[in-house]
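Taken from TrEMBL, the feature substrate binding site covers Arg90, Arg100, Arg128, Asp222. Residues annotated as Mg(2+) binding site in TrEMBL: Asp222, Asp246, Asp250. Among the features that TrEMBL reports, NAD(+) binding site is placed at Gly280, Ser281, Ala282, Pro283, Asp284, Ile285, Ala286, Gly287, Lys288, Gly289, Val290, Ala291, Asn292. Annotation source TrEMBL lists domain 'Isopropylmalate dehydrogenase-like' at 2-351. As annotated by TrEMBL, site 'Important for catalysis' applies to Tyr135, Lys190.
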Amino acid sequence: MKIAILPGDGIGPEIVAEAVKVLRALALPLEMETAPVGGAAYEAAGHPLPDATLALAQQADAVLFGAVGDWKYDTLPRPLRPEQAILGLRKQLGLFANFRPALCYEQLTHASSLKPELVAGLDILIIRELTGDIYFGQPRGRRAAPDGPFAGAEEAFDTMRYSRPEIERIARVAFEAARQRNRKVTSVDKANVLETFQLWKDVVTEVHRDYPDVELDHMYVDNAAMQLVKAPKKFDVIVTGNMFGDILSDEAAMLTGSIGMLPSASLNERGQGLYEPSHGSAPDIAGKGVANPLATILSAAMMLRYSLKQPEAADRIEAAVQRVLAQGLRTADIASPGCTVVGTAQMGDAVVRALG
Ligand code: NAD
């Protein structure tokens, strides 16, 4: 099992080092190779995604990614900015399925803006289609409006598109993921208004025939946004398109209250995936040894579950994180009165000890 380790910028190298420490402690036959990405790669090789880094990612079974970006690169031409590395990797590896779990640990319910009883024990998974929809649909652009009440005025337009195979493959990913969880999928659409999402709903319903052991319901996106704050625990897996998923996954992330705790994954058709924390490179705290490494450690657990097919090892890491929180250890971002505040490396060491 080969893993490409791409630490990136800011706190990336600090938090990835802790995840690597935890992976090594599992004593599995894992081959890990590190390469620069983002601003670090621009400094070293003049490009945020050098050919050698891309080749390593393509050969690996999975990529463990830290974060990229720093304000100092904001004046570079767009193709050379660190963030282009993520877009390049998504495109080159064909990563079309984005997994964003929202998990609220009992000990951290105080960090949520919702009442503790609504979020305690929350465990939902949002699966967002990542390569289609209005973000990429052609044609798009600006022009003089050809018709309508404002004909001749400047207008901008984008095109929302989804094809049957695109919907089928993301629906299958969602049903398969639900089989590893509580066997319930909510497909989120806007079929009452949009043709694109009428096709979405029809195709998801058809694919569901192959998964009779999984429960399926459909929900309009406006209602889904409401239900996520009203009764989030009634969801298990949510599957939706690129734009709705972009918005709902950030909403769900905030239910848990702490960005430093949230892993994510993006997978392609071969099950190869890129695993990264949901947060950015946090240049404001880089190099201080205070960043929370748990989102990256939990991303490594997702990698073991979804790309490397080692669910028991994934369970071990997740249980170790639970144990560390139960022991009262916290990094500064999730600290609360009565807890012991530790740094990045101490948190990584504590997770290793808690693996048992
Ligand atoms: P950010 O997520 O990096 O930071 C937001 C806030 O959360 C900061 O106060 C930061 O200190 C804190 N924070 C983030 N992760 C933390 C952790 N693990 N432990 C403790 N505190 C943490 O978002 P930003 O400040 O808007 O962006 C900073 C840089 O990151 C920018 O260059 C941006 O482009 C980049 N970015 C990269 C990615 C990515 O690599 N996938 C994603 C988002 C932002």
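Positions of Cβ are set from backbone N, Cα and C atoms, glycine also.
What TrEMBL says about a protein is an automatic prediction, not a curated fact.
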Of the recorded positions Arg90, Arg128, Lys190, Asp250, which one sits closest to Gly280 (NAD(+) binding site) when you measure Cα to Cα?
-> Asp250
Listed substrate-binding residues Arg90, Arg100, Arg128, Asp222 - what's their greatest C-alpha to C-alpha distance in Å?
-> 28
Enumerate in sequence order the recorded positions Arg90, Arg128, Lys190, Lys288, Val290 whose Cβ-atom distance to ligand 1 is under 6 angstroms.
-> none
Taking each of the recorded positions Arg90, Lys190 in turn and counting other Cβ atoms within 10 Å of its Cβ, which one has the fewest?
-> Arg90
Within 8 Å of the Cβ centroid of Asp222, Asp246, Asp250, the other same-chain residues by Cβ around the recorded Mg(2+) site are Val221, Ala225, Met243, Phe244, Gly245, Ile247, Leu248, Ser249, Glu251
Fewest neighbouring Cβ atoms within 10 Å among the binding-site residues Asp222, Asp246, Asp250, Asp284 goes to Asp284
Same-chain residues six or more away whose CB lies under 8 A from the CB of Ala286 (NAD(+) binding site)?
-> Asp9, Gly10, Ile11, Glu14
Rounding to whole Å, the Cα atoms of Val290 (NAD(+) binding site) and Arg100 (substrate binding site) are apart by 24
Quick one: what's DSSP say for Asp222 (substrate binding site), helix, strand or coil?
-> helix
Measuring C-alpha to C-alpha, could you say which of the recorded positions Tyr135, Lys190, Asp250, Ala282, Lys288 are within 10 Å of Arg100 (substrate binding site)?
-> Asp250
